[in-house]
């Protein structure tokens, strides 16, 4: 028996497909999302419809973004949901959520996007960074992720899980763990534990920065050298005198600073950029 086959579809490794089938877990996720009939919901990676079906039954319309051509075609011909579904066959990493918000006239309706999904673990972090760019048009997000990633999203200072992903996620959103999910809830079963997280974009950013590039840059540089003191890790960006003037302990390490501290550092860099920095540099590294 092919353990990677579920409901007639073979999971594709390149898409990071693991299909959710545990009824109690599905019910728990749908309850957490709490979809209402007139809301505009968007599912990323609907797969074989484990969440699509129970959510679709509760709403008037559901938009799904699916990269797998075969799965997208199945959803277009879904036996009882096809009239409710708008299937967008594309890579969510390339999708413009602002355009969807505008096209659907959600501002006039006083609504924002509600986004959810069982995200492929191999792209979950860059996909969330992509979604953070659209925080102004998103009401909330509910995602199934690798448990380790959820711990990092929800972490606080002075912990091993605290890192660049924590800072960037909590800069844009209030982050809350929802439930933990064992590998047995999926087919094929992943080799890691999973968890569901809720992210609610802040209505007003609590620690706004002048240029997001610098927040990204200072976090990347600090956490990529997290065993070093900040005096050494950030030596190409700040002099010891600058750090001290900004209220930073020279002997502190990356995990010791709060988001407000990183925002303060980023705003100083926006006003005092180092001469040799390339602002087009792409910072996608994990900390």
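We count from 1, first residue shown onward.
Quick reminder: no glycine exception, Cβ is built from N, Cα and C everywhere.
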Listed in Swiss-Prot for the S-adenosyl-L-methionine site shared with 18, 20, 45, 66, 91, one of 118, 122, 158: 118
Where the record names 18, 20, 45, 66, 91, 118 as binding S-adenosyl-L-methionine, the maximum Cα to Cα distance in Å: 20
Neighbour count (Cβ, 10 Å) for residue 91 (S-adenosyl-L-methionine binding site): 12
Residue 45 (S-adenosyl-L-methionine binding site): tally of other CB atoms within 10 A of its CB: 25
